[in-house]
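Here the structure comes first, spelled out in structure tokens, and everything after it is commentary.
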Amino acid sequence: MLIRSIVPLRPLVTRRFSTTMSSKAKVLAVLYRGGKAAEEEKKLLGTVENKLGIEEWLKEQGHEFVVTDDKEGPDSEFQKHLPEAEILVTTPFHPAYLTRDLIQKASKLKLAVTAGVGSDHIDLNAANERNITVAEVSGSNVVSVAEHVVMTILVLVRNFVPAHEQIMAGGWNVADVARDTYDLEGKVVATVGCGRIGYRVLQRLAPFNCKELLWYDYTDLPAEAAKGIQARRVEKLEDMLAQADVVTINCPLHEGTRGLFNADLISKMKKGAWLVNTARGAICDSQAVADALKSGQLRGYGGDVWDKQPAGQDHPWRNAKNKLGGGNAMTPHVSGTSIDAQTRYANGAKEIIRRYLAGEAQEQQNLICIDGDYASKAYGQRENKTKATGQKGAGP
Ligand code: NAI
């Protein structure tokens, strides 16, 4: 039987908005520019050109809809339109950073929607202070990311990139590549965070006959789900890292995870381990990762998320390599924005906006902040402060 079929579905709990919405709202969307690709492929919905497929729908109802990719600095279109916007839609792929300062200026903002998963580009504490609802399309791209994680693990362990580069350059030297190529079978793989993505990564790794699958999360898994992945929970992060040949990071970026993988924590990993990060770039110290590749403490680093996006030309991860000239499996932020995922997160963002405009309750699983507090347990442990219901946390 498929694991998913025995995992109990979460109840559909909804929360009503405490703020009132305007009959004619200004909706501001910051999306990435797709250029020729977006003109040719209309399913690239997360682009400025294709506007999440919601332009006509919003305009028919008389709402104003502004879409831009211009997001940096006080003269940007983002900052120009923000003070009048009631709804802001952003994607993690081209994040408009909604800082505390900007939240002060966004006096009409009531709803911030993340078209995708991961709302760390918003200062969530400041959003709570201003009673701004923050919602994301939970689950919309978690399979896309889990597949990318498994791919990146294999790309690193199998030393694929140098082998491919050799072929493209006209070369043929088996030994040069094989000297750093391994099998995933028999290795220990560990995930930091066992929510929707981390869980799916472990599910997908089961047939590879790894020596052991490990997970670390401050939230426990439901009993049925825990049985489903046949992985061992480790209580202390450092203990897990010391045992793992491959580590994959699958937790959100928040105060407790920013800069978590610094030189000190990386030094506690098994020497020569592979590290995969598709969660958020800023969870890792970029220079510490590059240094660890150079020294051999890490054999490889891969993922698609960067501490600033788009990443600068001089970002250390663009050229970081291990001692043998491989070990880099970085891509632009693409794992959660496959064509399939774009359909799901565009539809999900539309549904969040529709509910808001109709004065209807939101699905609890999509809520990060509401009524001035966190609605999710995933963005850090806040035992005394949060009203989080646990709808978004460990497990599928
Ligand atoms: P989720 O909310 O289902 O699971 C996150 C898990 O991380 C929760 O179980 C939570 O308890 C755990 N966690 C939080 N802090 C932790 C810590 N310090 N140590 C260990 N565990 C911790 O979220 P989901 O859907 O699995 O996504 C996870 C993250 O992946 C997102 O927040 C986002 O940053 C990233 N993501 C990246 C995408 C991409 O395109 N590269 C696309 C989608 C998500």
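Just so it is clear, glycine is given a Cβ too, placed from its N, Cα and C backbone atoms.
Annotated features, as they stand in TrEMBL:
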DOMAIN    56-361  domain 'D-isomer specific 2-hydroxyacid dehydrogenase catalytic'
BINDING   VAL117, ASN141  substrate binding site
DOMAIN    151-335  domain 'D-isomer specific 2-hydroxyacid dehydrogenase NAD-binding'
BINDING   ARG196, ILE197, ASP217, PRO252, LEU253, HIS254, GLU255, GLY256, THR278, ASP304, HIS333, VAL334, SER335, GLY336  NAD(+) binding site
SITE      ARG280  site 'Important for catalytic activity'
SITE      HIS333  site 'Important for catalytic activity'
Can you figure out which of VAL117, ASN141, ARG280 (the recorded positions) comes closest in space to SER335 (NAD(+) binding site), comparing Cα atoms? ASN141
Out of VAL117, ASN141, ARG280, point to the one nearest GLU255 (NAD(+) binding site) in space (Cα versus Cα); all of them are recorded positions in the record. ARG280
Roughly how wide, in whole Å, is the group ARG196, ILE197, ASP217, PRO252, LEU253, HIS254, GLU255, GLY256, THR278, ASP304, HIS333, VAL334, SER335, GLY336 that binds NAD(+), by largest Cα to Cα distance? 25
Expressed in Å to no decimal places, the gap between the Cα atoms of ASN141 (substrate binding site) and HIS333 (NAD(+) binding site) is 13
Here the Cα-Cα span from HIS333 (NAD(+) binding site) to ARG280 (site 'Important for catalytic activity'), rounded to a whole number of angstrom, reaches 10
Among the binding-site residues listed here, ASN141, THR278, SER335, which has the most company in the form of other Cβ atoms within 10 Å of its Cβ? ASN141
State the count of C-beta atoms found within 10 angstroms of the C-beta of GLU255 (NAD(+) binding site), not counting that atom itself. 11
For ARG196 (NAD(+) binding site), the three-state DSSP class is helix
What's the number of neighbouring CB atoms sitting within 10 A of the CB on LEU253 (NAD(+) binding site)? 24
What's the CA-CA gap between THR278 (NAD(+) binding site) and VAL117 (substrate binding site) in angstrom, rounded? 12
